[in-house]
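As written in TrEMBL, here are the features:
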TRANSMEM  17-38  transmembrane segment
ACT_SITE  GLU181  active site, proton acceptor
BINDING   GLY210, ALA211, SER212, THR213, GLN214  ATP binding site
TRANSMEM  402-423  transmembrane segment
TRANSMEM  469-490  transmembrane segment
Amino acid sequence: MSAQREMKEKNPWHTPVTIIITVIGVIAIVALVTVAVLQNRPFPQKYKYGIVLDAGSSHTALYIYEWPAEKDNNTGRVEQTHSCKILVENALAFCPGISSYASAPSKAGQSLTECMQEAVQRVPEKRRGETPLYLGATAGMRLLNMENSAASDSVFQSVKKALQMFPFSYQGARILSGQEEGAFGWVTVNYLDDRLKQGLETTGALDLGGASTQISFVSDNYNGSESPSNSVTFRLYGNDYNLYTHSFLCYGKDQALRMTLAHQSQAGPGTVLDPCFHPGYAEIKNYSVLYDSPCVSDRKPQGAPATFNHTGNGNFLECQKTIKNIFNFTDCKYSRCSFNGVFQPLLQGPFGAFSAYYFVMNFLNLTDTSIPLDDVKEKLKRYCATPWNQIRQRHPNIKLKYLAEYCFSGTYILTLLTEGYNFTSESYSDIKFIEKIKGSDAGWTLGYMLNLTNMIPAEAPDSPPLPHAGYVSIVTVIAVLIFILFILSLRPLWPSCSKQPQIV
Ligand SMILES: O=P(O)(O)OP(=O)(O)OP(=O)(O)OC[C@H]1O[C@@H](n2cnc3c(O)ncnc32)[C@H](O)[C@@H]1O
Ligand SMILES: [Ca+2]
(Lines of atoms letter the chains of each structure in order from A and count residues from 1; the text may use other names and numbers.)
(Lines give C-alpha, C1' and ligand atoms only; values in the text may rest on other atoms or scores of the structure.)
(Ligands and ions follow the chains in the order given, each with its own letter.)
Protein backbone atom coordinates (compact mmCIF):
# COMPACT_ATOMS: atom_id res chain seq x y z
CA MET A 1 0.00 0.00 0.00
CA SER A 2 2.81 2.41 0.83
CA ALA A 3 4.41 1.67 -2.54
CA GLN A 4 1.16 2.57 -4.25
CA ARG A 5 0.90 5.85 -2.35
CA GLU A 6 4.53 6.57 -3.26
CA MET A 7 3.79 5.94 -6.94
CA LYS A 8 0.74 8.23 -6.80
CA GLU A 9 2.82 10.94 -5.21
CA LYS A 10 5.51 10.63 -7.89
CA ASN A 11 3.05 10.42 -10.81
CA PRO A 12 2.91 13.90 -12.43
CA TRP A 13 -0.64 13.14 -13.74
CA HIS A 14 -1.80 13.56 -10.27
CA THR A 15 -0.20 16.93 -9.66
CA PRO A 16 -2.61 19.88 -9.51
CA VAL A 17 -0.75 21.59 -12.39
CA THR A 18 -1.33 18.73 -14.84
CA ILE A 19 -4.95 18.38 -13.79
CA ILE A 20 -5.50 22.09 -14.41
CA ILE A 21 -3.68 21.92 -17.79
CA THR A 22 -5.76 18.91 -18.82
CA VAL A 23 -9.02 20.58 -17.85
CA ILE A 24 -8.04 23.80 -19.68
CA GLY A 25 -7.00 21.72 -22.72
CA VAL A 26 -10.34 19.90 -22.83
CA ILE A 27 -12.27 23.16 -22.39
CA ALA A 28 -10.18 24.78 -25.16
CA ILE A 29 -10.93 21.90 -27.58
CA VAL A 30 -14.65 21.95 -26.78
CA ALA A 31 -14.70 25.76 -27.22
CA LEU A 32 -12.77 25.57 -30.51
CA VAL A 33 -15.07 22.91 -32.01
CA THR A 34 -18.20 24.71 -30.78
CA VAL A 35 -17.08 27.98 -32.35
CA ALA A 36 -16.25 26.16 -35.61
CA VAL A 37 -19.66 24.51 -35.67
CA LEU A 38 -21.60 27.67 -34.81
CA GLN A 39 -19.61 30.02 -37.01
CA ASN A 40 -20.03 27.87 -40.09
CA ARG A 41 -23.49 26.53 -39.40
CA PRO A 42 -25.73 26.95 -42.48
CA PHE A 43 -28.16 29.84 -41.99
CA PRO A 44 -31.82 29.06 -41.71
CA GLN A 45 -32.99 29.05 -45.35
CA LYS A 46 -34.34 32.29 -46.72
CA TYR A 47 -35.81 32.17 -50.19
CA LYS A 48 -36.06 34.46 -53.14
CA TYR A 49 -38.78 34.24 -55.74
CA GLY A 50 -39.37 34.91 -59.42
CA ILE A 51 -42.63 34.83 -61.39
CA VAL A 52 -43.02 34.11 -65.10
CA LEU A 53 -46.27 34.20 -67.06
CA ASP A 54 -46.31 31.99 -70.14
CA ALA A 55 -48.77 33.60 -72.52
CA GLY A 56 -49.08 30.80 -75.07
CA SER A 57 -51.41 30.60 -78.04
CA SER A 58 -53.83 28.23 -76.33
CA HIS A 59 -53.53 29.21 -72.67
CA THR A 60 -51.72 31.40 -70.15
CA ALA A 61 -50.00 29.90 -67.11
CA LEU A 62 -48.19 31.48 -64.19
CA TYR A 63 -45.13 29.87 -62.63
CA ILE A 64 -43.49 30.78 -59.33
CA TYR A 65 -39.85 29.83 -58.86
CA GLU A 66 -37.96 29.77 -55.59
CA TRP A 67 -34.27 29.54 -54.65
CA PRO A 68 -32.22 29.89 -51.46
CA ALA A 69 -31.38 33.56 -50.98
CA GLU A 70 -27.63 33.09 -50.53
CA LYS A 71 -27.25 30.82 -53.55
CA ASP A 72 -28.13 33.13 -56.40
CA ASN A 73 -25.14 32.00 -58.36
CA ASN A 74 -25.45 28.29 -57.88
CA THR A 75 -26.98 25.54 -59.95
CA GLY A 76 -29.81 23.14 -59.68
CA ARG A 77 -31.36 25.11 -56.85
CA VAL A 78 -34.10 27.03 -58.59
CA GLU A 79 -37.34 25.12 -58.33
CA GLN A 80 -40.91 25.67 -59.42
CA THR A 81 -43.02 25.95 -56.29
CA HIS A 82 -46.38 26.77 -57.79
CA SER A 83 -48.19 26.97 -61.11
CA CYS A 84 -51.57 28.44 -61.96
CA LYS A 85 -53.47 27.95 -65.18
CA ILE A 86 -55.57 30.89 -66.25
CA LEU A 87 -59.10 29.68 -66.72
CA VAL A 88 -61.46 31.54 -68.94
CA GLU A 89 -65.01 32.18 -67.83
CA ASN A 90 -66.33 32.33 -71.37
CA ALA A 91 -67.67 28.82 -71.92
CA LEU A 92 -67.40 29.19 -75.69
CA ALA A 93 -63.75 30.06 -75.57
CA PHE A 94 -61.56 27.01 -75.23
CA CYS A 95 -58.80 27.99 -72.85
CA PRO A 96 -57.68 30.75 -75.17
CA GLY A 97 -54.45 32.62 -74.78
CA ILE A 98 -54.19 36.41 -74.54
CA SER A 99 -54.15 36.73 -78.34
CA SER A 100 -57.83 35.69 -78.41
CA TYR A 101 -58.69 39.01 -76.70
CA ALA A 102 -57.80 40.99 -79.82
CA SER A 103 -61.33 42.35 -80.09
CA ALA A 104 -61.69 43.06 -76.34
CA PRO A 105 -58.15 43.85 -75.17
CA SER A 106 -59.10 45.12 -71.69
CA LYS A 107 -60.21 41.61 -70.80
CA ALA A 108 -56.72 40.26 -71.50
CA GLY A 109 -55.37 41.99 -68.38
CA GLN A 110 -58.40 41.07 -66.30
CA SER A 111 -58.02 37.40 -67.16
CA LEU A 112 -54.71 37.30 -65.24
CA THR A 113 -56.14 38.58 -61.96
CA GLU A 114 -57.00 35.30 -60.28
CA CYS A 115 -53.61 33.68 -60.78
CA MET A 116 -51.85 36.92 -59.83
CA GLN A 117 -53.80 37.04 -56.57
CA GLU A 118 -52.72 33.47 -55.90
CA ALA A 119 -49.12 34.54 -56.50
CA VAL A 120 -49.50 37.33 -53.93
CA GLN A 121 -50.58 34.73 -51.38
CA ARG A 122 -47.71 32.41 -52.24
CA VAL A 123 -44.84 34.92 -52.02
CA PRO A 124 -44.02 36.09 -48.49
CA GLU A 125 -44.88 39.76 -47.99
CA LYS A 126 -41.27 40.74 -47.24
CA ARG A 127 -40.12 39.34 -50.59
CA ARG A 128 -42.87 40.63 -52.89
CA GLY A 129 -41.28 43.98 -53.73
CA GLU A 130 -38.04 42.39 -54.91
CA THR A 131 -39.68 39.48 -56.77
CA PRO A 132 -39.25 39.93 -60.54
CA LEU A 133 -42.37 39.41 -62.64
CA TYR A 134 -42.08 38.67 -66.37
CA LEU A 135 -44.61 37.91 -69.06
CA GLY A 136 -43.49 36.23 -72.25
CA ALA A 137 -45.86 35.68 -75.14
CA THR A 138 -45.27 33.11 -77.86
CA ALA A 139 -46.74 32.07 -81.19
CA GLY A 140 -50.33 33.24 -80.63
CA MET A 141 -49.16 36.82 -80.15
CA ARG A 142 -46.59 36.44 -82.95
CA LEU A 143 -49.46 35.61 -85.29
CA LEU A 144 -51.69 38.41 -83.96
CA ASN A 145 -48.82 40.87 -84.31
CA MET A 146 -48.36 39.81 -87.96
CA GLU A 147 -52.07 40.06 -88.63
CA ASN A 148 -52.97 43.17 -86.65
CA SER A 149 -50.14 44.88 -84.79
CA ALA A 150 -52.45 47.55 -83.30
CA ALA A 151 -54.56 44.83 -81.67
CA SER A 152 -51.42 43.13 -80.39
CA ASP A 153 -50.23 46.45 -78.86
CA SER A 154 -53.60 46.98 -77.16
CA VAL A 155 -53.46 43.50 -75.64
CA PHE A 156 -50.00 44.26 -74.26
CA GLN A 157 -51.14 47.62 -72.87
CA SER A 158 -53.96 45.89 -71.04
CA VAL A 159 -51.71 43.14 -69.72
CA LYS A 160 -49.03 45.60 -68.56
CA LYS A 161 -51.56 47.77 -66.76
CA ALA A 162 -52.98 44.76 -64.95
CA LEU A 163 -49.59 43.33 -63.93
CA GLN A 164 -48.27 46.65 -62.61
CA MET A 165 -51.08 46.73 -60.05
CA PHE A 166 -49.53 43.84 -58.13
CA PRO A 167 -46.85 44.29 -55.48
CA PHE A 168 -44.07 42.62 -57.48
CA SER A 169 -41.13 44.04 -59.39
CA TYR A 170 -42.70 44.13 -62.88
CA GLN A 171 -39.99 43.56 -65.49
CA GLY A 172 -41.98 43.78 -68.71
CA ALA A 173 -44.19 41.86 -71.10
CA ARG A 174 -43.05 41.03 -74.61
CA ILE A 175 -43.17 38.55 -77.45
CA LEU A 176 -40.32 36.04 -77.40
CA SER A 177 -38.69 35.25 -80.72
CA GLY A 178 -38.97 31.63 -81.85
CA GLN A 179 -35.21 31.31 -81.31
CA GLU A 180 -35.51 32.45 -77.69
CA GLU A 181 -38.43 30.12 -77.09
CA GLY A 182 -36.43 27.14 -78.39
CA ALA A 183 -33.19 28.07 -76.65
CA PHE A 184 -34.76 28.74 -73.22
CA GLY A 185 -36.66 25.44 -73.40
CA TRP A 186 -33.30 23.74 -73.94
CA VAL A 187 -31.73 25.65 -71.01
CA THR A 188 -34.63 24.61 -68.72
CA VAL A 189 -34.33 20.92 -69.55
CA ASN A 190 -30.56 20.81 -69.14
CA TYR A 191 -30.52 23.00 -66.02
CA LEU A 192 -33.10 20.84 -64.25
CA ASP A 193 -31.18 17.70 -65.23
CA ASP A 194 -27.98 19.21 -63.75
CA ARG A 195 -26.25 18.75 -67.10
CA LEU A 196 -24.90 22.28 -67.49
CA LYS A 197 -22.90 22.65 -64.30
CA GLN A 198 -21.42 19.21 -64.65
CA GLY A 199 -20.57 19.74 -68.33
CA LEU A 200 -22.40 16.50 -69.27
CA GLU A 201 -23.73 15.66 -72.73
CA THR A 202 -26.83 17.81 -73.18
CA THR A 203 -30.40 16.79 -73.96
CA GLY A 204 -32.18 18.23 -76.99
CA ALA A 205 -35.55 19.92 -76.45
CA LEU A 206 -38.71 19.34 -78.48
CA ASP A 207 -41.62 21.64 -77.67
CA LEU A 208 -45.00 21.30 -79.37
CA GLY A 209 -47.32 24.22 -78.67
CA GLY A 210 -50.66 25.15 -80.13
CA ALA A 211 -49.30 27.53 -82.77
CA SER A 212 -45.58 26.80 -83.10
CA THR A 213 -43.12 24.01 -82.46
CA GLN A 214 -39.44 24.17 -81.52
CA ILE A 215 -36.47 21.85 -81.90
CA SER A 216 -33.17 22.63 -80.15
CA PHE A 217 -30.08 20.48 -79.74
CA VAL A 218 -26.29 20.50 -79.74
CA SER A 219 -24.71 18.67 -82.67
CA ASP A 220 -20.93 18.11 -82.81
CA ASN A 221 -20.78 18.56 -86.58
CA TYR A 222 -22.57 21.92 -86.45
CA ASN A 223 -20.61 25.11 -85.84
CA GLY A 224 -23.36 27.55 -86.74
CA SER A 225 -21.81 28.78 -89.99
CA GLU A 226 -24.15 26.97 -92.40
CA SER A 227 -27.28 28.71 -91.15
CA PRO A 228 -26.37 31.43 -88.61
CA SER A 229 -30.02 32.27 -87.91
CA ASN A 230 -30.43 28.81 -86.36
CA SER A 231 -27.47 29.20 -84.07
CA VAL A 232 -27.40 30.32 -80.45
CA THR A 233 -24.19 30.30 -78.46
CA PHE A 234 -23.96 30.17 -74.69
CA ARG A 235 -21.15 30.09 -72.18
CA LEU A 236 -22.54 28.49 -69.04
CA TYR A 237 -20.53 27.40 -65.99
CA GLY A 238 -17.33 27.62 -68.00
CA ASN A 239 -18.59 25.47 -70.93
CA ASP A 240 -19.30 26.75 -74.45
CA TYR A 241 -22.42 25.51 -76.22
CA ASN A 242 -23.30 26.01 -79.84
CA LEU A 243 -26.98 25.27 -79.99
CA TYR A 244 -29.01 24.59 -83.10
CA THR A 245 -32.57 25.81 -82.70
CA HIS A 246 -35.55 26.38 -84.95
CA SER A 247 -39.13 27.39 -84.31
CA PHE A 248 -41.71 26.52 -86.96
CA LEU A 249 -44.51 29.06 -86.80
CA CYS A 250 -47.90 27.50 -87.74
CA TYR A 251 -46.64 23.97 -86.93
CA GLY A 252 -48.05 23.87 -83.39
CA LYS A 253 -50.78 21.28 -83.23
CA ASP A 254 -53.79 23.64 -83.50
CA GLN A 255 -52.41 25.51 -86.50
CA ALA A 256 -51.20 22.28 -88.10
CA LEU A 257 -54.75 20.94 -87.80
CA ARG A 258 -56.06 24.10 -89.45
CA MET A 259 -53.57 23.74 -92.28
CA THR A 260 -54.45 20.06 -92.77
CA LEU A 261 -58.17 20.81 -92.78
CA ALA A 262 -57.69 23.80 -95.07
CA HIS A 263 -55.76 21.57 -97.45
CA GLN A 264 -58.57 19.00 -97.44
CA SER A 265 -61.29 21.59 -97.88
CA GLN A 266 -59.61 22.79 -101.09
CA ALA A 267 -61.05 19.68 -102.75
CA GLY A 268 -64.45 21.34 -102.88
CA PRO A 269 -67.04 22.93 -100.63
CA GLY A 270 -69.55 20.94 -98.62
CA THR A 271 -68.14 17.92 -96.82
CA VAL A 272 -64.61 17.03 -95.64
CA LEU A 273 -64.16 13.30 -95.09
CA ASP A 274 -61.21 13.41 -92.72
CA PRO A 275 -59.04 10.29 -92.11
CA CYS A 276 -57.61 11.98 -88.97
CA PHE A 277 -60.97 11.88 -87.17
CA HIS A 278 -62.80 8.80 -85.90
CA PRO A 279 -65.44 7.03 -87.98
CA GLY A 280 -68.82 8.41 -86.93
CA TYR A 281 -67.43 11.86 -86.06
CA ALA A 282 -69.52 14.59 -87.71
CA GLU A 283 -69.58 18.30 -86.95
CA ILE A 284 -70.75 21.36 -88.85
CA LYS A 285 -67.84 23.81 -88.94
CA ASN A 286 -67.47 27.37 -90.07
CA TYR A 287 -65.17 28.24 -92.98
CA SER A 288 -64.51 31.71 -91.60
CA VAL A 289 -63.38 30.25 -88.24
CA LEU A 290 -61.15 27.73 -90.01
CA TYR A 291 -59.47 30.37 -92.18
CA ASP A 292 -59.18 32.98 -89.41
CA SER A 293 -55.41 32.64 -89.02
CA PRO A 294 -52.42 33.92 -90.99
CA CYS A 295 -51.31 30.27 -91.27
CA VAL A 296 -54.15 29.53 -93.71
CA SER A 297 -55.86 32.83 -94.58
CA ASP A 298 -54.29 33.01 -98.06
CA ARG A 299 -55.89 29.68 -99.00
CA LYS A 300 -59.49 30.62 -98.27
CA PRO A 301 -61.55 29.52 -101.26
CA GLN A 302 -63.48 32.30 -102.99
CA GLY A 303 -67.25 32.09 -102.82
CA ALA A 304 -67.24 29.15 -100.39
CA PRO A 305 -70.40 28.52 -98.35
CA ALA A 306 -70.40 29.58 -94.69
CA THR A 307 -70.10 26.08 -93.29
CA PHE A 308 -68.83 22.61 -94.12
CA ASN A 309 -69.57 19.19 -92.77
CA HIS A 310 -66.48 17.79 -91.02
CA THR A 311 -66.77 13.98 -90.85
CA GLY A 312 -64.25 11.33 -89.88
CA ASN A 313 -63.30 7.95 -91.36
CA GLY A 314 -60.40 7.08 -89.02
CA ASN A 315 -57.56 5.88 -91.22
CA PHE A 316 -54.05 6.37 -89.82
CA LEU A 317 -52.16 5.81 -93.09
CA GLU A 318 -54.42 8.16 -95.03
CA CYS A 319 -54.18 10.68 -92.21
CA GLN A 320 -50.39 10.56 -92.37
CA LYS A 321 -50.52 11.12 -96.14
CA THR A 322 -52.83 14.09 -95.69
CA ILE A 323 -50.65 15.62 -92.98
CA LYS A 324 -47.55 15.29 -95.19
CA ASN A 325 -49.14 17.83 -97.54
CA ILE A 326 -48.48 20.62 -95.09
CA PHE A 327 -44.72 19.98 -95.25
CA ASN A 328 -42.46 20.95 -98.13
CA PHE A 329 -39.70 18.38 -98.50
CA THR A 330 -38.38 19.42 -101.89
CA ASP A 331 -36.57 22.75 -101.48
CA CYS A 332 -33.31 22.68 -99.55
CA LYS A 333 -30.36 24.93 -100.28
CA TYR A 334 -28.30 23.54 -97.39
CA SER A 335 -26.38 20.29 -96.92
CA ARG A 336 -29.44 18.89 -95.12
CA CYS A 337 -32.86 20.15 -94.13
CA SER A 338 -35.76 19.22 -91.92
CA PHE A 339 -38.63 20.66 -93.97
CA ASN A 340 -39.76 23.89 -95.65
CA GLY A 341 -36.14 24.52 -96.69
CA VAL A 342 -34.97 24.88 -93.08
CA PHE A 343 -31.45 23.72 -92.29
CA GLN A 344 -31.06 21.02 -89.67
CA PRO A 345 -27.78 19.32 -88.69
CA LEU A 346 -27.57 15.59 -87.91
CA LEU A 347 -29.71 14.71 -84.90
CA GLN A 348 -27.63 14.00 -81.84
CA GLY A 349 -28.10 12.82 -78.28
CA PRO A 350 -31.14 12.22 -76.14
CA PHE A 351 -34.21 14.45 -76.54
CA GLY A 352 -36.87 15.57 -74.09
CA ALA A 353 -40.27 16.16 -75.75
CA PHE A 354 -42.75 18.21 -73.75
CA SER A 355 -45.99 20.28 -73.90
CA ALA A 356 -48.39 18.74 -76.44
CA TYR A 357 -45.90 15.94 -77.24
CA TYR A 358 -46.44 14.79 -73.68
CA PHE A 359 -50.19 15.55 -73.36
CA VAL A 360 -51.00 13.59 -76.50
CA MET A 361 -48.62 10.65 -76.15
CA ASN A 362 -49.55 10.31 -72.48
CA PHE A 363 -53.26 10.12 -73.32
CA LEU A 364 -52.55 7.54 -76.04
CA ASN A 365 -50.40 5.48 -73.64
CA LEU A 366 -47.47 5.83 -76.01
CA THR A 367 -44.86 7.58 -73.87
CA ASP A 368 -42.72 4.42 -73.72
CA THR A 369 -40.27 4.95 -76.58
CA SER A 370 -38.68 1.54 -76.10
CA ILE A 371 -41.76 0.24 -77.95
CA PRO A 372 -40.67 -0.18 -81.61
CA LEU A 373 -41.91 2.64 -83.82
CA ASP A 374 -43.84 0.18 -86.02
CA ASP A 375 -45.78 -1.04 -82.98
CA VAL A 376 -46.52 2.56 -81.99
CA LYS A 377 -47.94 3.17 -85.47
CA GLU A 378 -49.97 -0.03 -85.29
CA LYS A 379 -51.50 1.04 -81.96
CA LEU A 380 -52.34 4.47 -83.32
CA LYS A 381 -53.85 2.88 -86.43
CA ARG A 382 -56.22 0.86 -84.23
CA TYR A 383 -57.02 3.90 -82.10
CA CYS A 384 -57.89 6.07 -85.10
CA ALA A 385 -60.13 3.35 -86.53
CA THR A 386 -62.16 3.13 -83.29
CA PRO A 387 -65.67 4.57 -83.77
CA TRP A 388 -66.25 8.00 -82.24
CA ASN A 389 -69.13 6.90 -80.00
CA GLN A 390 -66.94 4.19 -78.43
CA ILE A 391 -64.15 6.72 -77.80
CA ARG A 392 -66.63 9.05 -76.13
CA GLN A 393 -68.00 6.29 -73.93
CA ARG A 394 -64.51 5.21 -72.87
CA HIS A 395 -63.45 8.73 -71.87
CA PRO A 396 -66.45 10.56 -70.48
CA ASN A 397 -64.30 13.02 -68.51
CA ILE A 398 -61.98 14.23 -71.24
CA LYS A 399 -62.81 17.51 -72.98
CA LEU A 400 -64.51 16.70 -76.28
CA LYS A 401 -62.25 18.98 -78.30
CA TYR A 402 -59.12 17.19 -77.05
CA LEU A 403 -60.76 13.79 -77.42
CA ALA A 404 -61.81 14.38 -81.01
CA GLU A 405 -58.28 15.47 -81.93
CA TYR A 406 -56.03 12.81 -80.35
CA CYS A 407 -55.97 10.69 -83.53
CA PHE A 408 -54.90 13.72 -85.58
CA SER A 409 -52.47 14.92 -82.88
CA GLY A 410 -50.79 11.52 -82.44
CA THR A 411 -50.42 11.10 -86.20
CA TYR A 412 -49.12 14.65 -86.55
CA ILE A 413 -46.52 14.05 -83.80
CA LEU A 414 -45.21 10.88 -85.46
CA THR A 415 -45.16 12.56 -88.87
CA LEU A 416 -43.38 15.66 -87.56
CA LEU A 417 -40.77 13.58 -85.74
CA THR A 418 -40.02 11.06 -88.47
CA GLU A 419 -40.73 12.83 -91.78
CA GLY A 420 -40.11 16.37 -90.50
CA TYR A 421 -37.13 16.07 -88.18
CA ASN A 422 -35.81 12.78 -89.59
CA PHE A 423 -35.98 10.63 -86.46
CA THR A 424 -35.58 6.98 -87.52
CA SER A 425 -36.88 3.75 -85.97
CA GLU A 426 -33.59 3.66 -84.02
CA SER A 427 -33.31 7.29 -82.98
CA TYR A 428 -36.99 7.41 -81.98
CA SER A 429 -35.96 5.63 -78.77
CA ASP A 430 -33.68 8.60 -77.93
CA ILE A 431 -36.82 10.65 -77.29
CA LYS A 432 -38.32 10.83 -73.82
CA PHE A 433 -41.81 12.28 -73.50
CA ILE A 434 -41.69 14.40 -70.35
CA GLU A 435 -43.99 16.71 -68.47
CA LYS A 436 -41.87 17.69 -65.48
CA ILE A 437 -38.28 17.33 -64.36
CA LYS A 438 -37.76 17.14 -60.58
CA GLY A 439 -41.12 18.80 -59.99
CA SER A 440 -40.66 21.72 -62.40
CA ASP A 441 -42.54 21.89 -65.72
CA ALA A 442 -40.46 21.48 -68.85
CA GLY A 443 -40.87 24.63 -70.96
CA TRP A 444 -39.12 27.90 -71.80
CA THR A 445 -40.19 29.87 -68.69
CA LEU A 446 -37.51 28.71 -66.23
CA GLY A 447 -34.68 29.20 -68.77
CA TYR A 448 -36.06 32.66 -69.54
CA MET A 449 -36.01 33.68 -65.88
CA LEU A 450 -32.56 32.17 -65.23
CA ASN A 451 -31.24 34.20 -68.15
CA LEU A 452 -32.88 37.49 -67.18
CA THR A 453 -31.81 37.22 -63.55
CA ASN A 454 -28.25 36.20 -64.55
CA MET A 455 -28.62 33.13 -62.46
CA ILE A 456 -26.40 30.94 -64.62
CA PRO A 457 -22.87 32.34 -64.51
CA ALA A 458 -20.64 32.13 -67.58
CA GLU A 459 -17.85 30.69 -65.47
CA ALA A 460 -18.05 27.87 -62.95
CA PRO A 461 -18.68 29.44 -59.52
CA ASP A 462 -16.02 29.01 -56.84
CA SER A 463 -17.23 26.55 -54.30
CA PRO A 464 -15.78 26.18 -50.78
CA PRO A 465 -13.06 23.50 -50.88
CA LEU A 466 -14.76 21.56 -48.08
CA PRO A 467 -18.36 21.00 -47.09
CA HIS A 468 -19.35 22.18 -43.62
CA ALA A 469 -19.26 18.71 -42.01
CA GLY A 470 -15.79 18.06 -43.45
CA TYR A 471 -14.55 21.38 -42.13
CA VAL A 472 -15.80 20.68 -38.58
CA SER A 473 -14.31 17.15 -38.59
CA ILE A 474 -10.91 18.41 -39.70
CA VAL A 475 -10.90 21.18 -37.06
CA THR A 476 -11.81 18.59 -34.39
CA VAL A 477 -9.12 16.13 -35.45
CA ILE A 478 -6.45 18.85 -35.56
CA ALA A 479 -7.47 20.14 -32.12
CA VAL A 480 -7.28 16.64 -30.63
CA LEU A 481 -3.87 16.07 -32.27
CA ILE A 482 -2.53 19.35 -30.86
CA PHE A 483 -3.75 18.32 -27.44
CA ILE A 484 -2.09 14.91 -27.69
CA LEU A 485 1.16 16.56 -28.83
CA PHE A 486 0.95 18.88 -25.88
CA ILE A 487 0.48 15.98 -23.48
CA LEU A 488 3.37 14.15 -25.12
CA SER A 489 5.53 17.23 -24.68
CA LEU A 490 5.06 16.84 -20.94
CA ARG A 491 6.70 13.41 -21.23
CA PRO A 492 9.89 14.33 -19.34
CA LEU A 493 7.69 14.79 -16.28
CA TRP A 494 6.23 11.29 -16.64
CA PRO A 495 7.46 8.63 -14.18
CA SER A 496 10.19 6.56 -15.82
CA CYS A 497 9.69 2.79 -16.16
CA SER A 498 12.95 1.97 -14.32
CA LYS A 499 11.72 3.84 -11.32
CA GLN A 500 8.45 1.90 -11.24
CA PRO A 501 8.27 0.12 -7.93
CA GLN A 502 7.91 -3.63 -8.04
CA ILE A 503 4.76 -4.75 -6.34
CA VAL A 504 5.38 -8.05 -4.75
O1 LIG B 1 -46.47 27.54 -77.47
P2 LIG B 1 -47.64 28.07 -78.19
O3 LIG B 1 -47.67 27.63 -79.60
O4 LIG B 1 -47.83 29.54 -78.02
O5 LIG B 1 -48.93 27.38 -77.53
P6 LIG B 1 -49.23 27.02 -76.01
O7 LIG B 1 -48.07 27.28 -75.14
O8 LIG B 1 -50.51 27.64 -75.62
O9 LIG B 1 -49.43 25.46 -76.12
P10 LIG B 1 -49.44 24.37 -74.93
O11 LIG B 1 -48.10 23.77 -74.86
O12 LIG B 1 -50.06 24.88 -73.72
O13 LIG B 1 -50.45 23.33 -75.55
C14 LIG B 1 -50.16 22.76 -76.78
C15 LIG B 1 -51.41 22.18 -77.34
O16 LIG B 1 -51.85 21.13 -76.51
C17 LIG B 1 -53.22 21.29 -76.20
N18 LIG B 1 -53.46 20.66 -74.91
C19 LIG B 1 -53.26 21.15 -73.67
N20 LIG B 1 -53.59 20.22 -72.75
C21 LIG B 1 -53.98 19.12 -73.43
C22 LIG B 1 -54.44 17.82 -73.09
O23 LIG B 1 -54.56 17.46 -71.83
N24 LIG B 1 -54.74 16.97 -74.07
C25 LIG B 1 -54.61 17.31 -75.35
N26 LIG B 1 -54.18 18.49 -75.76
C27 LIG B 1 -53.88 19.39 -74.83
C28 LIG B 1 -53.46 22.78 -76.26
O29 LIG B 1 -54.81 23.05 -76.52
C30 LIG B 1 -52.57 23.14 -77.44
O31 LIG B 1 -53.21 22.84 -78.63
CA1 LIG C 1 -45.82 27.07 -75.39
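Placement of Cβ uses the backbone N, Cα and C atoms for every residue, glycine included.
Unlike curated records, TrEMBL annotations are generated automatically.
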SER212, THR213, GLN214 as binding-site residues, winner by CB count within 10 A: THR213
Cβ-based neighbourhood (8 Å from the centroid) of the ATP site, residues GLY210, ALA211, SER212, THR213, GLN214 excluded: SER57, THR138, ALA139, ASP207, LEU208, GLY209, SER247, PHE248, LEU249, TYR251, GLY252, LYS253, GLN255
C-alpha spacing of GLU181 (active site, proton acceptor) relative to SER212 (ATP binding site), in angstrom: 10
Inter-residue C-alpha distance, GLN214 (ATP binding site) and GLU181 (active site, proton acceptor) (nearest angstrom): 7
Candidates near ligand 1 among the recorded positions GLU181, ALA211, GLN214, judged by a Cβ under 6 angstroms: ALA211
Tertiary neighbours of ALA211 (ATP binding site) (same chain, Cβ under 8 Å, six or more apart): GLY56, SER57, SER58, THR138, ALA139, GLY140, ARG142, LEU143, LEU249, CYS250, GLY252, ASP254, GLN255, CYS295
Count of other CB atoms lying within 10 Å of the CB belonging to GLY210 (ATP binding site): 23
